Amino acid sequence: MALALVLNSGSSSIKFQLVNPENHATDEPFASGLVEQIGEPIGRIVLKVEGEKHVLEAPIPDHSAGLKLAFDLMDQHNCGPSQVDIVAVGHRVVHGGILFSAPELITDEIVEMIRDLIPLAPLHNPANIDGIEVARKILPDVPHVAVFDTGFFHSLPPAAALYAINSEVAAEYGVRRYGFHGTSHEYVSQRTAEILEKPAIDLNIITCHLGNGASMAAVEGGRAVDTSMGMTPLAGLVMGTRTGDIDPGVVFHLARNAGMSIDEIDNLMNKKSGVKGLSGVNDFRELRQMIDEGDQDAWSAYNVYIHQLRRYLGSYMIALGRVDVIVFTAGVGENAQFVREDALAGLEMYGIKVDPERNALPNEGPRLISTDDSKIKVYVIPTNEELAIARYAVKFAKA
Ligand code: AMP
């Protein structure tokens, strides 16, 4: 079986999966794992294969050591590079700036271009490059492919991509909307066209990727025309721990009056805000339980979350003019039926009617959750970014 290795390298972790590109989105990968606490005195590698979990604890000084140890652990459990047929490696790269609109076969030149984009993603791109460099050394004979989180939004029209900030400053520092979660928005919008057996060009779709990070996109005839994340993934919807849209004046206010440094405000807005900042928890299962127990902060956090989602929904309905399908995906979007119900409640006059029984179906695959007479169809389509990356990577192996 031809497999793709998919790597998602963070600053102190590497997520990896061995994926059969023929899989369905809800299928388990052939193997998966996580290298974590890289650079700390003791690191940890978890490997899941054939329903079993294997854990290794050892010092992992850097990404290179982490990936080598992960491969050793895979070897011990019969899924190492010498035992399985890895035909390509797909690397998730967070920021492709305005340089990359589509996945790229990685060469030294491409690595340098990704390096040039570090100022736009100072935490993510260096880690992505580490992962690429290590994996290319360990697996030199297969194609390595970079898949950019921003790529799908390369098509944003200027009206949606530009910020109303001084254009010289914007040009010099790359200040504009790039959008993120592109692999997921593209994947679920393409799946929608397949399920409806219609060409993508004939469909206008609003995609809602609601996970711990969350974003929405307006997709017109297969092309993204707007999205809620911005120059960074901090913008847009209220998220698990991120503010989403907030008056930029708050930054100046906190710097001047709370004596907070830029790094402290960055940390506050990315890690201690959003649903967690308002309620104390970021997992929607816990949030729901707290609401059911009468917790006022949880209720208020939930309402702020839903209100913001509906704001974006309304603005994308106007931007697209005609909407054929609304799609929910990712952890919250696939599993939290109450979020879908509340996000679309009372919109019958806009042609949106959710069927409560369909909305309550378990998350076992793509499903229609609107009524048969709903003008706009509503779907839940499980996303699988690793599978999408694996498929891109394998295309290069075949080419
Ligand atoms: P993701 O970032 O796509 O992995 O989504 C993770 C988030 O999905 C978690 O933090 C939860 O808030 C949410 N989630 C996962 N499973 C469920 C569930 N069964 N019900 C409600 N929310 C869920």
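Glycine residues also receive a Cβ, built from the backbone N, Cα and C atoms like all the rest.
Under 8 Å, Cβ to Cβ, and six or more positions away along its own chain, Glu385 (Mg(2+) binding site) finds Arg92, Thr183, Ser184, Tyr187. Under DSSP, Glu385 (Mg(2+) binding site) is assigned to a helix (H, G or I) in the three-state scheme. Sequence annotations record features per position, and here TrEMBL assigns Mg(2+) binding site to Asn8, Glu385.
In the three-state DSSP assignment, the secondary structure recorded for Lys15 (ATP binding site) is strand. Here TrEMBL flags Lys15, His209, Leu210, Gly211, Asn212, Gly213, Asp283, Phe284, Arg285, Gly331, Val332, Gly333, Glu334, Asn335 as ATP binding site.
The feature substrate binding site is assigned by TrEMBL to Arg92. Summarising the environment of Arg92 (substrate binding site), the number of other Cβ atoms within 10 Å of its Cβ, over all protein chains shown, is 22. Arg92 (substrate binding site) falls within a strand segment according to DSSP.
Per TrEMBL, the feature active site, proton donor/acceptor maps to Asp149. Around Asp149 (active site, proton donor/acceptor), the C-beta neighbours below 8 angstroms that are at least 6 residues distant in the chain are Arg92, Val93, Val94, His95, Gly96, Phe180, His181, Gly182, Thr183. A coil conformation is recorded for Asp149 (active site, proton donor/acceptor) in the three-state DSSP classification, outside any helix or strand.
The site 'Transition state stabilizer' annotation in TrEMBL covers His181 (among others). If you draw a 10 Å sphere around the CB of His181 (site 'Transition state stabilizer'), it holds 28 other CB atoms from the protein chains shown.
Annotation source TrEMBL lists site 'Transition state stabilizer' at Arg242 (among others). Under a cutoff of 8 A between CB atoms, and with a sequence separation of 6+ in the same chain, the neighbours of Arg242 (site 'Transition state stabilizer') are Gly213, Pro233, Leu234, Met269, Asn270, Lys271, Ser273, Gly274.
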**Cβ under 6 Å from ligand 1: qualifying binding-site residues of Asn8, Arg92, Asp283, Val332** = Asp283, Val332
**Item:** Listed binding-site residues among Lys15, Leu210, Asn212, Arg285, Val332 whose Cα sits within 10 Å of Asn8 (Mg(2+) binding site)
**Value:** Lys15
**Fill in**
The largest Cα to Cα distance in Å among the residues Lys15, His209, Leu210, Gly211, Asn212, Gly213, Asp283, Phe284, Arg285, Gly331, Val332, Gly333, Glu334, Asn335, listed in the record as binding ATP, is 24
**Item:** Three-state secondary structure, which DSSP defines for Asn8 (Mg(2+) binding site)
**Value:** strand
**Prompt:** When you measure from the Cβ of Val332 (ATP binding site), which residues in the chain that are at least 6 apart have a Cβ under 8 Å away?
**Reply:** Leu210, Gly211, Ala214, Phe284, Val339
**Item:** Among Asn8, Asn212, which are binding-site residues, the residue with the most C-beta atoms within 10 angstroms of its C-beta
**Value:** Asn8
